[in-house]
Every structure is written in structure tokens, then in C-alpha cells.
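Peer 1: Dumping the structure here so I can ask a few things about it.
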């Protein structure tokens, strides 16, 4: 005798096979309503709401309960496709403990270009040792247990989320004839972003995929560029759930380093596209998480290596430093700094190092210093090569410095400090 429940509410297929309606049955979201069955024929009726009815075909009256059994029926394979952004649940249910000699399985399938995330919401099985010889949950890649085993679990310590390498997963729950516990509950969902990725190179893109990200997402990206360079993030699109400035629901976090223990540069949500964000070193770490409720189109981020100096810098403190970074500056840069100190004060420049491409009139690469707030002010000097005054003074409380390079030779660059006089 066999009952088949087919649930096609989320964007992948979920199938359960069972002959014990108390212990191996689908949880809510979607809810399965068991109307009882006889040994004749079962018709599965799909609803557009969150309820799926398994309707028995009987000859008058309510069907009698099935005879008691302790194992699930043989596996089968069905496919269903629906909209994204939802999660489902399965496992042992009921108010008591699971039975001895259970043998239940579930096959879960996502669309061809997606992967699955399995999350243990609870786990309480008999524990013997780390090999789980008694009661256990086995999880495999693929549609059956011939696929790569991703893990075998027992006891009470739930593992980290399990991510499939393909678009399907196979889960088997098996118990022996002795001790019983309270079972387990698994949540499954589509991985809409790329889970954990380390990205190398000087440019590229990453972000969520599809028309909307899913619930319960936990994704991260580590971006690493060559030594001496920095990472710049440019947001091509951005739309997450928003509630307030603290982003309590769905959020994107950006860290100035190689992991989430680095300095946090920002927590982002809502639909206002953020400004470009730059790292101070060669790595940046980005995490995205979503909750159980609303989903939105997500984000797409372009990363690149910026010019070795800041594109625009306004320096307003009484002292500071600025210049190129790395072993050599980049070609085709145009960078500038505006220094403004207190009224009735002057800017004092101190040249610590200076080495840029040389040309008689500094037509290739050059550093130009202006006696005012912008490049329309009178020019104090235009410099290249390795020759420059080691000390310069403004005529007022502002000074503007512009660095420009062409497309050919590169040099170590410069580093300048300023104080107030």
C-alpha cells in the first residue's frame, strides 16, 4: 500500500513516500491534509493555496485506516516547477518519539541551473559514535543514494547548512530496533546566490540570480585583487527588503578585509543604489542574508581595481598624508586632492617621496599644485621625474593638487604630507 504526496508550491520538486502517516510526513508550508485511504486508489489534488489535499478514492464513506507498517515504500521520481522565493520542510512529526525500524526517504529537485540548501532546524536522534551506526539521516547529491554522500548525521548536534553541487538531493532516514528519540526537521530552499565564493582577479561581477532571491539565504564572497591594489565595488542594481536603517531583515554587509571579522564598512538594504565602496587593502568580504518573509530582485555588483590614488579627496583636518599606493601607479589616472584648513591659516606641503615618468615639459605624467581650491586657481608648479621642492606653502587656507598619467610608462609615484601654518 502506498501514498504519494506531490508538492509543487516552491521552485523545485518535493516528494515524500510513506506508509506511516504519523512519522514520515510533510510538515506545514505547504501543509498536507491526510484524509485517510484504503487500498484502492489515491488521487493527488493540487490547490493554488498553501494546502495540498491527498484525496482518497473509496467506495462510500470515510476510508478505513491502513494497516500498521514500519517502513516507507519504494522510491519514485516526479518533477514539478513553480515560482522561487519559498522554502519547504520535512522530517519526523508527531508529539512523541519516532518508531523503530523506520526507513523513509525524500527526493528534492530544483531547476537545472540551481542548487539546494538543506538546513537542520532540529536534530535529536540516537547517538552511538561518530559513524552513526544506529539511527541516522543520510544526505546525498543527486536523485538517489548512488550520488555522493554529503553527510551522515545523528545525535543532537545539528551540522552547518548543506549545499548540493547539483540541482537535486536525496535524504534517507533510518532507525534500528532499539532506542528512539524525537527525530529531526529539515528545511530546504534554492540557493539563489553563489553561496561561498573566493574571487581572484582585477575585475568581475557577482550577486543574486533570478527575478528574486530566495528566503533563508546565507551567501558570501571574498574578493582578492593583486598585491598593492585595492578593491572597488560598484552597484549596478540593488533592491532588498527594507524596514529601517538597521536593516533587521534582508541585508548586505561589506567588510574591509578577508572575512567577517574584519572592519565593517557598511550594512545595506532597501532599494536606493549605494555609492561605490573601496577597500583599504587587497581584499574585501561581502555577505548577503535573507529571512523567512519578503523577497526582492536582489543586487548585482561589479568589482574592479581603482586608480592607485583616490579619485577625489577632500582633506580638511589640520594635518594628513596622501599619494599613490602600491609599487607603481596605474596608467590613465586623473586624481586630485583639495586641502582646506582653518581660516587665517596656510597649507604646508612636505614631499616625502617623488618618482614619476619624466619629460621636459611634464606632458606625460605630472603632479600639478594650485594656490587655491581647484584647478582654476593660479598654478604653483607642475612637476615630473624625481625633482620637486621638498617643501611648499600656500598663499591662503586652500591648496589643490592634481595627478595625471598617460597610457605608457609607470613609476613608483609619490607620497606627500601636509600640516597647518
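Quick reminder: no glycine exception, Cβ is built from N, Cα and C everywhere.
Annotated signal peptide per Swiss-Prot: 1-24, in sequence order. Per Swiss-Prot, disulfide bond is recorded for 72-104, 132-154, 193-219, 247-269, 309-335, 362-384, and the stated evidence type is sequence analysis. Here Swiss-Prot flags 72-191 as domain 'CUB 1'. Under the heading domain 'CUB 2', Swiss-Prot lists 193-306, citing sequence analysis as support. Under the heading domain 'CUB 3', Swiss-Prot lists 309-421, citing sequence analysis as support.
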Peer 1: What Cα-Cα separation, expressed in whole Å, is found between residue 154 (disulfide bond) and residue 269 (disulfide bond)?
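Peer 2: So the Cα of residue 269 (disulfide bond) lies 38 Å away from that of residue 154 (disulfide bond).
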Peer 1: List nothing but the one residue from 154, 219, 269, 335, 362 whose Cβ has the fewest other Cβ atoms within 10 Å; the candidates are the disulfide-bonded residues.
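Peer 2: Each of the disulfide-bonded residues 154, 219, 269, 335, 362 was scored; lowest Cβ tally within 10 Å is 362.
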Peer 1: Taking the Cβ of residue 384 (disulfide bond) as the centre, count every other Cβ atom within 10 Å, in any protein chain shown.
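Peer 2: I count 22 other Cβ atoms within 10 Å of it.
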Peer 1: For residue 247 (disulfide bond), which residues in the same chain are close in space, meaning a Cβ under 8 Å from its Cβ, but six or more apart along the sequence?
Peer 2: 240, 267, 268, 269, 270
Peer 1: Tell me, by DSSP, whether residue 219 (disulfide bond) is helix, strand or coil?
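Peer 2: Looking at the DSSP assignment, residue 219 (disulfide bond) belongs to a strand.
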Peer 1: Go ahead and report the DSSP secondary structure tallies for the domain 'CUB 1' (72-191): helix first, then strand, then coil.
Peer 2: 0 helix, 52 strand, 68 coil
Peer 1: Using other CB atoms within 10 angstroms as the count, which residue among the disulfide-bonded residues 104, 132 scores least?
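Peer 2: Minimum Cβ neighbour count within 10 Å, taken over the disulfide-bonded residues 104, 132, occurs at 132.
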Peer 1: Restricting the comparison to the disulfide-bonded residues 104, 132, 219, 335, which residue's C-alpha is spatially nearest the C-alpha of residue 384 (disulfide bond)?
Peer 2: 335
Peer 1: Limited to the domain 'CUB 1' (72-191), I'd like the whole-number average of pLDDT.
Peer 2: 82
